[in-house]
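Q: Sharing a structure here in structure tokens format.
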Amino acid sequence: MVTFVLPRLVSFEGMGRRSASVTERNLATLRSAYWIVMVSGFLEPVLYLFSIGIGVGGLVGDIALPGGEVVGYAEFVAPAMLAASAMTGALSETTFNFFGKMKFMRLYEGILATPVRPIEIALGELAWAMVRGVLYSAAFLVIMVLLDLTTWPRALAMFPATILVGFAFGGLGMAVSTLIRSWQDFDLIAAGQFALFLFSGTFVPLTAYPEALRWLVEITPLYRSVHLIRGLSTGTTGWAQLIDVAYLLILLAAGLAVAGRRMTRLLCK
Amino acid sequence: MPSLIHARGLIKRFGDFTAVDGIDVDVRRGEAFGFLGPNGAGKSSTMRMIGCVSPPTGGVLEILGLDPVRDGPRIRAKLGVCPQLDNLDIELTVRENLTTYARFFGIPRKVARRRADELLDFVQLAERAGSKVEPLSGGMKRRLTIARALVNEPEIVLLDEPTTGLDPQARHLVWERLFRLKQQGVTLVLTTHYMDEAEQLCDRLVVMDGGRIVATGSPRELITRYSTREVVELRFNAESQQPYADKLDGVGERVEVLPDRVLLYVHDGDEATAEVHRRSLSPASVLVRRSSLEDVFLHLTGRTLVD
Amino acid sequence: MLAVLEYHLVNYRRTWRGSALSSLVLPLLTMLGFGIGVGAYVPGGVDGVPYLDWIVPGLIASTAVQTAIGEATWPVLSSFEWLKVYFAQAAAPLRVRDILGGHLAYMVFRVLISAAAFLAIAAAFGTLHSWWSPLALPVAMLVGLAVAGPTAAYAATITSDSYLVILLRFAILPMSLFSGVFFPVESLPVVLRWIAYALPLWHGVDLSRAAMLGLDPGGLGLVHALYLIAWCAAGCLLAHIRYRRRLVI
């Protein structure tokens, strides 16, 4: 076997297996009620799509994209709902549930007495969040195609993009949750998340915002995700989407690095 | 014989507070080794360092010949840890707690299931295998935690206050299981602030106080070295016991005054009791007993262990 | 009953900041982001009213529902299962109706606070069209109680909070999205429209909108009010039955 000559703290040997064992633990907790909760998670963006995309879409009519293409409102909103649901799914698993397991159930103390290391717990939990997110995204994409809001080839291209979005927000969520002090802080997170949801070019094109707000929105992670996925969905992809991909990759790496270090500090005092 | 756990001048600081202040420890294979001391003596901090979840601030620490900071995962693979507060997985059943935990060690599923069943038998929880953790009694939870600590067939089992908070019956059941483990040759390292626990289980122990080790030896050795054969406990019906203690000067080797009683450290308890009556003192109660580790601790630190 | 209400109010003194955030900032953001943002793309407005002005009354009713649900789900479950506050209260000389009534009164109080705050903001944005607008407050309390009662009954029946998530996903969220808050229910397919009619929120939205836009609801207004009162009565009765089953053993 190839041995990495890396700094001694970063040993990859057994890392994948140990991370997987943390994911496995979550699989074992699936019980009747929790199953329904899990499966129903995919319902949320679909309901939003019907209500806003189709219901409100009846009032709005068509929307012009920056490139000049005109699309129906549902076509415009659907990719944003997909991005937002990838964000919500990843964040709920990595903030609320993660914090609960760390502080309330003291689950990780038990795990850390085994060969599993903090960064491996983080990776295992992230992988778990992703398994769910991937299933939700796939279901949503099928619905989009069935409603004629995009095409099969485009849906296939969007699929990996939603996974990337999920990973990026998962990393972010994990880093944030190591900074949380109490349950009260979740109100703040929820408010921030909701603000992102409303103001990330989700419901209206960026040009509708005042100049100052527009620049702020440009740098938010959800806007970059919406931008990426909407580009793929409407077939208006360009170089700008590469920036989105790079942005999300950096977010993921930074999130994981912070989470791993903070967890070590919190749990290995 | 090389020691499984080897510490020299081991230090742990949290900011300005020094929890462990330069201790030397050697734990040998197959023995039951105890850290005895009151709350805040530095026992749990020491255990966390040995468990490789808390990096030492200074000094030398080797576990199974490895460095806990560098080789944490390799060492933990061979340790079993039973923490002071049960941190069982409340979302899983009793049996799943063992099988999923085994997976963290990379134990194949089939082996994990077999071992889980063996261990449930061992800690007498086989009937509760499918139950959730929540409804278990305190003693059952502790036994399950012990079973969980054994799932990787560890070379060393760390037990932090294994019977704190349990009722007497549950305690005896835990002791009996731990004694069996010891007979099977498993090395046990435990902390406790119960004298009887230390006397029952430990081959060797260190007495800790304020982050330092104040004495080392087997329970018998410590008692012989730091106490007398017997102790007479006298209670006087009065606000202060001190005036009576003054009148007992010279009876036995040593007199200790506690808020509610006077202890006479003597070779022969009955003879000392006779001497008390000869000095026309009439205590409300008299108890003659053998010396215990409690007396060792009192002698070494001037304080009682459980207050 | 007053003693129980007082207990909840004392608790509220400690936690009001966090709840103020969710019951005030979130609707405000919705108003800005959705009402103004999307409103710019609804050129003619709805029924001749600008889109923002049209959705604000609905948002107030919807906020009332969110606030009531927030208090009738986890806090109720916790009072039975985790913190066991109800059992402590039952050990005092309180009747089941006092315990339930006190908690429901507190929920309605919370609904009133958040609806009033929302109304004040709406007024500042100049979206009110009528002097009848303050009537939106009793409407909010009514629709709040209409959902709080049955939800508390439900929360008193279950033992795991997974079932609360199911309630939110399968009942509350669809109701919030399809009860005429964001677009008229008339554009829904017939079956869905009748489901919207059956649920309480739409009645609250319609009443609230009539009050704030200064429309005459006519006889339908009375129907709305009576229907909501029926939900309140049935919900409270159901909750009382469930509470008694748990508390009186």
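Here the Cβ of each residue, glycine as well, is placed from N, Cα and C on the backbone.
What TrEMBL records for this protein is below:
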type: DOMAIN; residues: C:18-246; note: domain 'ABC transmembrane type-2'
type: TRANSMEM; residues: C:21-42; note: transmembrane segment
type: TRANSMEM; residues: C:54-77; note: transmembrane segment
type: TRANSMEM; residues: C:104-125; note: transmembrane segment
type: TRANSMEM; residues: C:131-156; note: transmembrane segment
type: TRANSMEM; residues: C:163-183; note: transmembrane segment
type: TRANSMEM; residues: C:222-241; note: transmembrane segment
Q: Using a Cβ cut-off of under 8 Å, list the residues of the same chain at least 6 residues beyond the transmembrane segment (C:54-77) that approach it.
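A: Residues packing against the transmembrane segment (C:54-77) from afar: 19, 22-23, 27, 30-31, 34-35, 39, 45-47, 103, 106-108, 110-111, 114-115, 118-119, 122, 125, 127, 136, 139-141, 143-145, 147-149, 151-152, 155-156, 158, 161, 164, 167-168, 172, 175-176, 179-182, 200-201, 204-205, 207-209, 211-213.
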Q: Which residues, given as numbers and ranges, are at least 6 beyond the ends of the transmembrane segment (C:21-42) yet have a Cβ under 8 Å from it?
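A: Sequence-distant neighbours of the transmembrane segment (C:21-42): 50-52, 55-56, 59-60, 63, 66-67, 70, 110, 113-114, 117-118, 121-122, 125, 182.
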Q: So, does the transmembrane segment (C:222-241) come close enough to the transmembrane segment (C:163-183) to give 3+ Cβ pairs below 8 Å, pairs being at least 6 apart in sequence?
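A: No, these stretches are not in contact.
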Q: Six or more residues out from either end of the transmembrane segment (C:131-156), which same-chain residues have a Cβ under 8 Å from its Cβ atoms?
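A: Residues 57, 60-61, 63-65, 67-69, 71-74, 76-77, 80, 100, 103-104, 107-108, 111-112, 115-116, 119, 123, 163-164, 167, 172, 200-201, 203-204, 207-208, 210-212, 214, 225, 228-229, 231-232, 234-239, 241-243, 245-246 contact the transmembrane segment (C:131-156) from elsewhere in the chain.
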